[in-house]
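Notes follow once the structure below has been shown.
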Amino acid sequence: MSSANSRDLQEKQLVADTAKEQNPLPGKRNHAGNPSLPEKKVQEAICVLLVELCERFTFFGIVCNMILFCTVRLGYRNYQAAIVNMCFVGTSMLTPVLAGWLAECLVGRIKLVCICMFLHFLGTALLPIVAFPFEDIYIDKRHILLHTLTKKEQKIVFYFALLTASLGIGGIRAIVCPLSAYNLEDCGPKELLSFFNWFYWLINLNSAVVFVSISYIQQSVARNLGFLIPCVSVLMALITIHMVRGEMIYKPKTESSLLTTFGVITSALKTCCMRYRYFGGGVTNWLDHAKENYGGRYSETQVESTKSLARLLPLFAFQILYRTCIMQIPSGYYLQTMNSNLNFGGFVLPIAAMNVISIVPLLILVPILECINSYLFSSKGSGHSPTIYIVAGQLSAALSVMVAGFSEIHRKHFPQVEQTLSEEVLLVSSMPCFHLAPQYILLGVAEALVTPSCSLLSFWLVPERIRGISMHFLTLFNGAGCFMGAFFVQTAHMGTQGSWFPHLLHEGKLERFFFFLASLMMVNTLGFWTIAHRYSNLNQEYTSEFRGRLSDEKLLKRDKAIKHYGSVLDRSPLLSPMETT
């Protein structure tokens, strides 16, 4: 008996020592010198945030003076340059969805990260070397012109660089720094809205620095510093390599995927058509046809998750035209600023620096909105829905585009003067560019109100298992808004023979394009206002019903796991750790 008791004590002591090694105290390191779980979480958050900021730095550095380069260096018309810029932004929004699918089904996450980092560096290196205007350089006392390519060759390399950069951006956003990597599963709506507010605040602060510094570098005599963009890409690659080696790359749960969501929709459509054709209806929602009980091949949880996502489609759809208005900053508003007087006390302001005016309201409003949200959530609880912010923000966007039309009329009343931009002399209006500030401010207010609130609704109003998919859908519709803007520009130019989006602004009617877009945005705002109440009801329905079903399902799985664990204990002999090895 004594030997058996001593053996039991040794086994318990060994198990206790093993548990201590596997679960070190917070803030401590294990014997191998690896960081503990809290320290690793902090490192992951810092690395993800740094990669996010570096990626946004390179992205805004590419976008900020693309129209100037396309019109002055490549000889594009204004509408062509605007289309190229909007298509690049839209492609950069859509590629994360493609990269997420490739990582999930074909390539693998780590391998795809390496490929995307190479593509990102290749694109950002080709743009300043070949595309953007630089001063001549001297090598071995011989004068070597940097731009020896023909216009056709420049365009080919330029588009290739934009394509590779956008593909790299998509992989980085989808794999290295997805929204799920910030561990938001346990946050309530108040904490989520606060996170989105400060997250976009930090990104816009970063973009303000980019628009001032990079735009001046690319437009001034200090153009060789434009290589700062690929240097930042290299820094981002080094941080990503550190994350790969430290196993910090976020691995999403495999419970649901974008393919599963599309599969549910496809299966429901097929079964629905067959039943209506042969048997008639019989279900309350057409997506129920995808359930196993109704002849489909998907579980009730998967179908109910897809149904909750389908309820958000009107919210996503009303963001398309709003995103088209936001895209006027790097297109229509940029052209207005480019054709205005940029001289300020003998100093020529960078064109893209006017974007900072649209960022300042967001930087100021976020702390104010935080106070308002704290009061509303404390007085109304978790039932508060920020749809009023989206309505007000879309109204502000419509007013901004309308003000831009009146500003264009006002701008053409000023006499023309000569202005040098990127070593080219252009005839522009003598109106100071600061007269365009109201339209930038209104769009900045719109972004501060709409983007965090829409992200909150897209994230909170769906089950946890498909929150990443919901954010993918929001990204898809935002990208569609960019391409919709390019379509509007192309259609307006062709339909009016260049009058509504002219190459020479003082000879055309750009204000009519703005008024047309403002009228569409007003209708869009009224349309969303009529359905905004759905998302307050959806919040209550999801909280009371669907979460209850998921909780019951989790309890059922837990009971099964406990029964299985008990059966294993009944069948298994008591073995010490040394004996199992």
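Heads up, the Cβ atoms here are built off N, Cα and C, so glycines get one too.
Under the heading region 'Disordered', TrEMBL lists 17-36.
Taken from TrEMBL, the feature transmembrane segment applies to 57-76 (among others).
The transmembrane segment annotation in TrEMBL covers 83-103 (among others).
The transmembrane segment annotation in TrEMBL covers 109-135 (among others).
The annotation transmembrane segment is assigned in TrEMBL to 156-176 (among others). Residues 48, 51, 55, 58-59, 62, 74, 84, 88, 91-92, 94-100, 103, 109, 112-113, 115-124, 126-127, 130-131, 149, 236, 240, 243, 249-250 of the same chain, all 6+ positions outside the transmembrane segment (156-176), place their C-beta atoms under 8 angstroms from a C-beta of that stretch.
The annotation transmembrane segment is assigned in TrEMBL to 198-217 (among others).
Summarising the annotation, TrEMBL assigns transmembrane segment to 224-244 (among others).
Non-local neighbours of the transmembrane segment (347-366) in the same chain are 64-65, 68, 197-198, 200-201, 204-205, 207-208, 211-212, 214-216, 219-220, 329-330, 333-334, 337-338, 419-421, 433, 436-437, 440-441, 443-445, 447-449; each lies 6+ residues outside the stretch with a CB under 8 Å from one of its CB atoms. Under the heading transmembrane segment, TrEMBL lists 347-366 (among others).
For 387-406 (among others), the entry in TrEMBL reads transmembrane segment.
Long-range Cβ contacts of the transmembrane segment (440-461) within its own chain (Cβ-Cβ under 8 Å, at least 6 residues beyond either end) map to 179, 184, 189, 192-193, 196-197, 199-200, 204, 308, 311-312, 315-316, 319, 322, 325-326, 328-329, 333, 354-355, 357-362, 365-366, 369, 385-387, 389-390, 392-394, 396-397, 399-400, 403, 467, 470-471, 473-474, 535, 538-539, 542. According to TrEMBL, the feature transmembrane segment maps to 440-461 (among others).
Residues or ranges marked as transmembrane segment in TrEMBL: 473-493 (among others). Long-range neighbours of the transmembrane segment (473-493) within the same chain, counting only residues 6 or more positions beyond its ends whose Cβ lies under 8 Å from a Cβ of the stretch, are 79, 82-83, 86-87, 89-91, 93-94, 96-97, 309, 312-313, 316-317, 319-324, 326-328, 331, 454-455, 458, 500-501, 513, 516-517.
Residues or ranges marked as transmembrane segment in TrEMBL: 513-532 (among others).
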Query: Taking the transmembrane segment (198-217) as reference, which of 57-76, 83-103, 387-406 has the most Cβ pairs under 8 angstroms?
result: 57-76
Message: Do any residues, 6 or more residues outside the transmembrane segment (387-406), come within under 8 Å Cβ-to-Cβ of it, and if so which ones?
response: 318, 322, 325-326, 328, 332-333, 336, 369, 436, 438-440, 442-443, 445-450, 452-454, 457, 511-512, 514-515, 517-518, 521-522, 524-525, 528-529, 532-533, 535-536
